[in-house]
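Novice: One structure coming up, written as structure tokens, with questions to follow.
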């Protein structure tokens, strides 16, 4: 069964709320096989990036999976060193060639960077106008980055992909994005695996016959957040997709919300944005 529950972006494009994240999947057999498992398990949203160096693997899986292209939602991202107007256009062409696609569904600026994201966004707007991408967005942008972008853009970002999990619930940023009609996607939605044995999450899962991982993904989706768990394990990929047959209660959500500690497993965009 296709996992097609979707969220409508500000431009009307439908984006599946569950995606398959490809971070850290080795290019070649590992990434291609895992992506194929995900698609066969019903995933219709694939999330890769230039820096992951596995766009070609994603492309091979997409080409051979038997699912029509228009039924898949493919995201890739521009790396920091390619920011700037002309270099963005060039980098996009490299990505789309590696993917073997005529268009991507969502293209993201991976990190804010130092001082080029305005010019970079103008290139994104051109790609969008030229229908090479169906939606454009950002990743790891804080409120002040988005405010700066909104001062200069013709087309507002449709998505902001950020680190988000129970120890970093990003409530304020999520509320801000919602106020600007920007959808939020969670990367590292399971806290890079550190939270799958958490007793609080396991106790909640026990009520539904679900794992802590499934509870976290369900919590994100019920909060209106798109989530992209990564795994190279076929059983885990299937498990992560099996989250649409139960619903967390308000009390469950209160417990998970209460776990927030402002703890990042990934870099802080305020620091990493200068690291090219």
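Cβ from N, Cα, C; glycine included.
Pasting the feature list from Swiss-Prot:
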BINDING   22-23, 47, 139-140, 161, 187-192, 230-232, 236-240  NADP(+) binding site
ACT_SITE  52  active site, proton donor
SITE      77  site 'Lowers pKa of active site Tyr'
BINDING   110  substrate binding site
Novice: Cα within 10 Å of residue 52 (active site, proton donor) is the criterion; apply it to the binding-site residues 22, 139, 187, 190, 230 and give the hits in sequence order.
Specialist: 22
Novice: In terms of DSSP three-state secondary structure, what is the assignment for the residue listed as 'active site, proton donor'?
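Specialist: Its secondary structure by DSSP: helix.
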Novice: When you put residue 77 (site 'Lowers pKa of active site Tyr') at the centre and draw a 10 Å sphere around its Cα, which of the binding-site residues 110, 139, 236, 239 have their Cα inside it?
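Specialist: Final answer, ordered: 110, 139.
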Novice: At the Cα level, what's the spacing in Å between residue 22 (NADP(+) binding site) and residue 110 (substrate binding site), rounded?
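Specialist: Cα of residue 22 (NADP(+) binding site) to Cα of residue 110 (substrate binding site) measures 14 Å after rounding.
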Novice: Measuring C-alpha to C-alpha, could you say which of the binding-site residues 139, 187, 239 are within 10 Å of residue 110 (substrate binding site)?
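Specialist: Cα filter at 10 Å returns 139.
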Novice: Under DSSP, is residue 22 (NADP(+) binding site) helix, strand or coil?
Specialist: coil
Novice: How many neighbouring Cβ atoms, not counting its own, are there within 10 Å of the Cβ of residue 190 (NADP(+) binding site)?
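Specialist: Counting Cβ neighbours of residue 190 (NADP(+) binding site) within 10 Å gives 26.
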Novice: Relative to the Cβ of residue 236 (NADP(+) binding site), which residues of the same chain, six or more apart in sequence, are found under 8 Å away?
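Specialist: For residue 236 (NADP(+) binding site), the qualifying residues are 213.
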